[in-house]
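Chemist: My questions all concern the structure below.
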Amino acid sequence: AALALLGSSAAAVVVWKWLGKRQIQKKMEEARRTRDEGVKKMAQAVQQFREQVPSVQADAILSLPLLELTGRLREGSLSPKTVLYTYLEKALEVTQQTNCVRHFIPECEEQLQEIQRQREKGLLYGIPVSIKDHIGHKGHLSTCGLVQCLGTPVQEDSILVKVLKRQGAIPFAMTNVPQSLFNYDCSNPIFGQTLNPFNHQKSPGGSSGGEGALIAGGGSILGIGSDTGGSIRLPSSFCGLCGLKPTAERLSVWPIHLLNGDVCSRPTPVPCALGPMARDVDSLALCMKALLCEEMFRLDPTVPPMPFDEEVYSSSALLRIGYYDTDGYFPLPPCMRRAVQETRGALQAAGHQLVPFSPPRIHYVMTELFLKTFFADGGRAWLDVFTGGIVDPNLKSQVNCCKIPSLGKKLLALILKPLQFLLLLLLKLKNVATISTCRSVKEMWNHHHQIEAYRTEFIARWKELRLDVVLCPVLGPAFTTGYPGKLLTAISSTMLYNVLNFPAGVVPVSTVTEADEEELKLYQGCCDDPWDRTLKQAVAGAVGLPVAVQCVALPWREELCLRLMKEVETLSQEK
């Protein structure tokens, strides 16, 4: 009888699990069906517009830089409707090739009517804007690529979307992200893998990868991403775009939806920042100018009422620029270091003063400050978001590491530490298994204090050298899809400025050459270990793909950061 009871209990568990999986599958299928129906309706609306207005010069409109497009819209030589449908048509084409749009926003038609009723034309009047999946738009899901987020649409526009609309912009698409946002590839089990528009074997980066692919493919002229470890800057690097991560509190993040249905508003030592992505630096500056307005400061009183300082951005004063081409933690491919050295030479030739700068203790920052922030509880909160769901293949190694019991992690850390350059296993375990957690409230407070102490140390070194800004490398060129999940700690170049909460932006300056590819064959990284060889495989076959640099300023000096970015952009175009 006992055996029969045991057998029937086991069978019930199996049936229950099967029903749970079937339910999840149904939810995912429903989400994909809703997306596909939205694409079909948008394609029909575009077709209808084309029949009504057959003479639209789409290529001419798509080739206009943002500043010129806003001028044409404001003077009336182009209509917002023509521009919107031109970009919708192009976005449909780009997403068909790269799977970058998670959902089109049908209410863009209503916003089109609304801006024509506004008394004053805002700075972004008539500009179609794409937004990242988890930036709240009323009536739409913020999924983070997670099944558990498929239930409830957002009840209200996020403050940033409200301000965009007040400035005359038309949000028209929400873009794809990696599952849980904790990856710099761009795939999730619900909506699939997003591809790099320049090479479909390559990733667009992440977590704002859908934005990167859509803008680089020409399907959007301005996008809004978010960045906690490089999520604006890495897609910008991989896709050849300009992207700015501001000081986290410079733009409102309320309410940006996170993994567990919570919002990106609670205080955290490494905060989430929202920022613009576009094809040129002037577009980023215009977007920041539009967002830093009275409406933003009124809707979110926690945002400092600091309008955009046009004088700083437009200044031609010579700068004192710190530079480095490696952080000493994760050696980047030769082409990325070449980009910094060439840019340094161009800036020096233009009269700027270039000063060698070395960021302190990056290994400590990466393991003790950055990763410990996210895995303070051993990754338990992160694991909770996958409960009952399906884990994307690109995240499985990190998820499996977090599932190892604490005692097991400690034993692994002890065993692996002396062998860390010899064991292939470390590719999966070094990132997460050896991270110490915060075991008490006191340890958590101490962790916060360590971050503040490091910021103080970094700023002191910056001031000692009397620097205005810093030029440094960014991870790239674009990785082959699937590789970012194997190299979590390769993001040290971007992560540093999230820990410091400094504004940092990326500008494309070159492309990968045949000579770069040849030099890559000789790349040995730190010590030619399996980790370094994985990076080599990840970036191989990138001839013709974009190569970028990173520009950094002190907190609240976004205009100065953009000023350096503009200078770098101008010099690279002249070259």
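Please read every residue number as a count from 1 along the shown chain.
Note that Cβ sites are derived from N, Cα and C of the backbone, with glycine treated the same way.
Here's the feature list from TrEMBL:
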type	residues	note
DOMAIN	83-562	domain 'Amidase'
ACT_SITE	Lys132	active site, charge relay system
ACT_SITE	Ser207	active site, charge relay system
ACT_SITE	Ser231	active site, acyl-ester intermediate
Chemist: Within the chain of the residue listed as 'active site, acyl-ester intermediate', which residues six or more apart in sequence place their C-beta under 8 angstroms from its C-beta?
Modeler: Leu181, Tyr184, Gly206, Ser207, Ser208, Gly225
Chemist: Need one number: mean pLDDT over the domain 'Amidase' (83-562).
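Modeler: Averaging the confidence scores along the domain 'Amidase' (83-562) gives 91.
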Chemist: Including all protein chains displayed, how many Cβ atoms other than that of Ser207 (active site, charge relay system) lie within 10 Å of its Cβ?
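Modeler: Its Cβ shell of radius 10 Å holds 34 other Cβ atoms.
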Chemist: Any same-chain residues 6+ apart from Lys132 (active site, charge relay system) with CB under 8 Å of its CB? Would you list them in sequence order, or say none?
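Modeler: Counting only residues 6 or more apart in sequence, the Cβ neighbours of Lys132 (active site, charge relay system) under 8 Å are Met174, Thr175, Val177, Ser207, Ser208, Gly210, Glu211, Gly223, Ile224, Gly225, Ser226.
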